[in-house]
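Only one structure is covered here, and it is reproduced in the block below.
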Amino acid sequence: MKHRPVHERQCSTETKNWKENTQLIMQSSSGHTHHQPGSNDSPSVCMSLPVPQLSAEGSCTAGDVTIDLSSPESHHGARSSSRRVRPGNGRSLSRHGHTHSHDANGPEDANDADSREQSNSISEVFHFYKWLEKSFPYILIFSAKLVVQHITGISVGIGLLTTFLYANKCIVNQVFLRDKCSKLQCLWILVFLLFSSLLLYYTFSSQALYYSLVFMNPSLGPLHFFDALWVVGITDFIGKFFFMGLKCIILLVPSFVMSHKSKGYWYMALEEVAQCYCMLVSTPVWFRYLIDYGNQNSGAEWHFGILLALLYLILKLLIIFGQRKTSSNSLRLFLTQPNYGAAATKSQCSEVDGMCAICQAEFIKPIVLVCQHVFCEECISLWFNKEKTCPLCRTVISNQSHKWKDGATSLQLRIF
């Protein structure tokens with residue numbers, strides 16, 4: 001038996017191994033064949049296999065070989081279609097997944113932003129609270145010093161406010177009682193208001209604060225802010241006391257001389273005049289403070305003060321013009337004093353058993369409203385001081401404002 005050379009035996013062994021690998025790969029790839037549109041029904045398989053290649057010297061080396069089992073046309077169509085379709089499908093899937101990721105992350109990002117903003121605001125409030133907590137002792141110390149410096153003004157302000165609240169409550173109660181009001185109580189309120197005003201001006205007589213009641217400047221030096229506030233506050237309260245005293249004088253007038261209905265219109269007119277007066281009486285004081293003749297060191301400061309004073313006057317005129325309609329309506333009601341109905345006949349009074357539904361007593365000067373309900377003139381006038389409808393059927397009788405007809409005085413301070 002003739003022995004073959006060693007290199008031939010090696011090539012034969014490698015050839016057998018290559019054939020076995022080829023068969024295995026062909027069997028495994030037979031289930032992955034694809035039918036391409038536009039090609040024949042026969043499947044096409046394209047494989048890349050490692051095969052040995054013989055060199056010129058007769059040695060075998062590993063390489064790649066492609067085995068085509070279909071026709072060239074089908075093979076070319078399958079390859080071109082696979083090249084065209086697969087990248088497109090990948091890109092579309094990539095875009096689709098990217099879009100879904102954005103859609104899914106959008107609400108989460110918005111929620112995260114909202115939560116961050118909320119946490120930042122809470123953190124700012126917390127830091128402010130901590131700062132306030134640490135600064136509270138210092139604030140308390142300086143506040144105590146400020147109170148001690150202005151203890152006189154604070155005490156006078158509390159006293160004036162207490163006097164006003166007491167007198168206003170007493171006047172409203174006496175107006176509500178009508179014929180049963182206490183003349184002695186009204187006289188006491190009048191004396192109390194007069195004595196309080198005189199005592200205040202006597203205590204601070206060196207400042208001549210009463211000059212401001214007649215739109216003149218008090219005898220003070222250069223006005224600072226708290227000085228102007230002191231003068232305006234006292235003048236405002238004293239002006240209210242003056243008009244409250246006039247209301248007490250009207251209360252002392254007997255009802256047969258002036259009816260309660262007429263008194264209500266007088267109270268309303270006095271209150272409108274009081275508000276206008278208190279709004280105007282502070283103008284000279286603030287005008288002097290803004291110009292401040294005594295502390296002008298240069299022409300620029302003086303011109304700046306003049307500009308501020310002019311702006312203040314313009315704003316004051318705008319406020320007066322805005323209240324012009326309300327004041328004119330109140331003045332018209334005071335001059336005309338309209339009636340709510342006509343005098344009722346005896347037959348109309350007998351239909352309701354001759355008794356007023358408000359006071360539950362016999363009629364005194366009965367009047368019939370447009371809704372044909374009968375009441376006492378004084379009773380229905382007192383009712384319409386706060387209401388605009390009939391007390392029985394709620395029919396609108398008067399659309400006009402009847403504010404301040406109960407004798408009350410506004411607590412609003414006309415500081416500026």
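Glycine too: its Cβ is placed from the backbone N, Cα and C atoms.
Residues annotated as region 'Disordered' in Swiss-Prot: 27-50 (among others).
Here Swiss-Prot flags 27-45 as compositional bias 'Polar residues'.
Annotation source Swiss-Prot lists region 'Disordered' at 63-116 (among others).
Residues annotated as compositional bias 'Basic residues' in Swiss-Prot: 77-86.
What Swiss-Prot records for 146-166 (among others) is transmembrane segment, and it gives sequence analysis as the kind of evidence.
Away from its own ends, the transmembrane segment (184-204) comes close to residues 156, 160, 163, 167, 170-171, 174, 210, 234, 238, 241-242, 244-245, 248-249, 251-252 of its chain (Cβ-Cβ under 8 Å, at least six residues beyond either end). Annotation source Swiss-Prot lists transmembrane segment at 184-204 (among others), citing sequence analysis.
Annotated transmembrane segment per Swiss-Prot: 214-234 (among others), in sequence order.
Long-range contacts of the transmembrane segment (237-257) within the same chain, counting only residues at least 6 positions beyond its ends with a Cβ under 8 Å from a Cβ of the stretch, are 160-161, 163-164, 167-168, 171, 174-175, 178-179, 181, 183, 186-187, 189-190, 193-194, 196-197, 200-201, 213, 263, 266-267, 270-271, 273-274, 277-278, 281, 407, 409. What Swiss-Prot records for 237-257 (among others) is transmembrane segment, and it gives sequence analysis as the kind of evidence.
The transmembrane segment annotation in Swiss-Prot covers 265-287 (among others). Same-chain residues lying 6 or more positions outside the transmembrane segment (265-287) and placing a CB less than 8 Å from one of its CB atoms are 175, 212-213, 215-217, 223, 228, 231-232, 235-236, 239-240, 242-243, 246-247, 250, 258, 309, 312-313, 316, 319-320, 323, 326-327, 330-331, 333-334, 337, 402-410, 412, 414-416.
Residues or ranges marked as transmembrane segment by Swiss-Prot: 302-322 (among others).
Helix, strand and coil content of the zinc finger (356-394), in residues and according to DSSP, is 7 helix, 8 strand, 24 coil. What Swiss-Prot records for 356-394 is zinc finger, and it gives sequence analysis as the kind of evidence.
Over the zinc finger (356-394), the average per-residue pLDDT in this prediction is 84.
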